[in-house]
Amino acid sequence: MAASKPVEAAMAAAAAPASGNGVGSSGGTAAPGSGAGTLPRWHVALAIGAPLLLGAGAMYLWSRRRRRREAGGRGDASGLKRNSERKTPEGRASPALGSGPDGSGDSLEMSSLDRAQAAKNKGNKYFKAGKYEQAIQCYTEAISLCPTEKNADLSTFYQNRAAAFEQLQKWKEVAQDCTKAVELNPKYVKALFRRAKAHEKLDNKKECLEDVTAVCILEGFQNEQSMLLADKVLKLLGKENAKEKYKNREPLMPSPQFIKSYFSSFTDDIISQPMLKGEKSDEDKDKEGEALEVKENSGYLKAKQYMEEENYDKIISECSKEIDAQGKYMAEALLLRATFYLLIGSANAAKPDLDKVISLKEANVKLRANALIKRGTMCMQQQQPMLSTQDFNMAAEIDPMNSDVYHHRGQLKILLDLVEEAVADFDACIRLRPKFALAQAQKCFALYRQAYTANNSSQVQAAMKGFEEVIKKFPRCAEGYALYAQALTDQQQFGKADEMYDKCIDLEPDNATTYVHKGLLQLQWKQDLDKGLELISKAIEIDNKCDFAYETMGTIEVQRGNMEKAIDMFNKAINLAKSEMEMAHLYSLCDAAHAQTEVAKKYGLKPPTL
């Protein structure tokens, strides 16, 4: 399957960071056949029946049944409030000193609790008047007067004092008082949320995450403020963890299927073309099966030979020999080495090689254009769309007849939500390469998503008809079937979508992502968890480097309540991530699962099962 991921990334971008593998395949975020393939993450969530909250891939997965149970039947003592956060302190007014309970004015000796309530009421008046220091004094008096067995009242006094400290931006005191309140009333949502905000200000991200996770669950995921804070801290934690991990990661060569799919998205790429006659000798392989000798002592030609034999681990070293010797094929070797640096997720190593190829005015223009495409894609992965656009435009300027420029720029335009411009680029690619099935399939998908988003039924039907024409004209294009399957799934035509995925598997039996998509379809279509997991497990069996399979398996295990297994799956995906951005997203999933595990233990919340 060639390049489904970049097409869907535009639609998924609003829901989650792209699941890219850091390789500039046919566009914006990942190599084809990698990452999340054609299915946006909100589709993954729908397929497994899980709420996908917020926009950064920070998934809190909790069953709807559990949410309803948690939201209902809980008394005021829990502190649960469905509305947005109150800005005023809590507590009803107590009888004033010298007033009897019947309002007669009879002077009665007040109990300790009554005096504490009176002090709190006075503090509330100071709070509303913006006199926070005086309010704190009153709340402190209330705490000292309140009987120690009155947990609910004491927790309110501590929470109110924390609110006053919050107005003074005394975050340490806020956290301390909220902790006291929560110790007295463990499910006190207001105190938990206020402490979460204090932890955020104190840069205690993990503590903030745990508190806000508890709030989200206890509120039944109904309060936007708490969900936004959860999303924010998960993003920060994910980026922080990924930055450290990515620096020290071991480069990892993707599967042969991944690499073949990647190169299949290029048609004007000199370095991926078969070796020409005369570039290698006519000698047979020796009895030990060693590579054929090349006529010239060229590291680049040896690298090309290894590439044809799928002996990918030796390519970078052979290219380096050509470059060090300043050989005849130095420009080609630089580009091939850069490409494999990208494939193993070493963008920092790739960039100098790409820069040098681009600057070689005497080099073949197609080499320079290809380097610009790959550097432009890399910039997009690094969230630098202006630099990316500049590189693609320069590529079009120096090599206007290069179909790859328009194909890959079309992917960029989709990521930038410029669908009409994307379609124009796909059309330009098709004019130059009428038999390039991938561009035709992706054009159909872009038109379909545009019509689907606009709820234009006639254009949706036209796009669906376009898919039929593409698969009829190009029956060997697995990507056509895969993209059509996603459109069919959107249209609730699950049976036909399943047939399309079967076609993909027939054409590319080693493409693990297709099995993941088919597995997700079983969940969405038939709620057949066993079949879905069987297919995703098959994907891992086929390609144990398929990060998308591990990520999806982890997501499902969270929904099943198997947090330990989910965390294990997310960690495996993290180790396979080929971009820092993708790794950050995966860390956010893993951190969310960790937080839910801790909250479930602390508050006695049993993880749900599907």
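Each Cβ is built from the backbone N, Cα and C atoms, and glycine gets one as well.
Record features, source Swiss-Prot:
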COMPBIAS  93-108  compositional bias 'Low complexity'
CROSSLNK  Lys277  SUMO2 cross-link
MOD_RES   Lys187  N6-acetyllysine
REGION    69-109  region 'Disordered'
REPEAT    116-149  repeat 'TPR 1'
REPEAT    155-188  repeat 'TPR 2'
REPEAT    296-329  repeat 'TPR 3'
REPEAT    331-364  repeat 'TPR 4'
REPEAT    369-402  repeat 'TPR 5'
REPEAT    403-436  repeat 'TPR 6'
REPEAT    444-477  repeat 'TPR 7'
REPEAT    478-511  repeat 'TPR 8'
REPEAT    513-546  repeat 'TPR 9'
REPEAT    547-580  repeat 'TPR 10'
TOPO_DOM  63-610  topological domain 'Cytoplasmic'
TRANSMEM  42-62  transmembrane segment
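Cβ contacts within 10 Å of the residue listed as 'N6-acetyllysine', excluding its own Cβ and spanning all protein chains shown: 21. The recorded stretches the repeat 'TPR 10' (547-580) and the repeat 'TPR 6' (403-436) do not share 3+ CB pairs below 8 A when only pairs 6 or more apart in sequence are counted, and are therefore not in contact. Note on the repeat 'TPR 3' (296-329): residues 253, 256, 259, 271-272, 274-275, 279-280, 336-337, 340-341 of its chain, located 6 or more positions outside it, place their CB under 8 angstroms from a CB of the stretch. In the three-state DSSP classification, Lys187 (N6-acetyllysine) falls within coil. The DSSP breakdown of the repeat 'TPR 7' (444-477) into helical (H, G, I), extended (E, B) and coil residues amounts to 27 helix, 0 strand, 7 coil.
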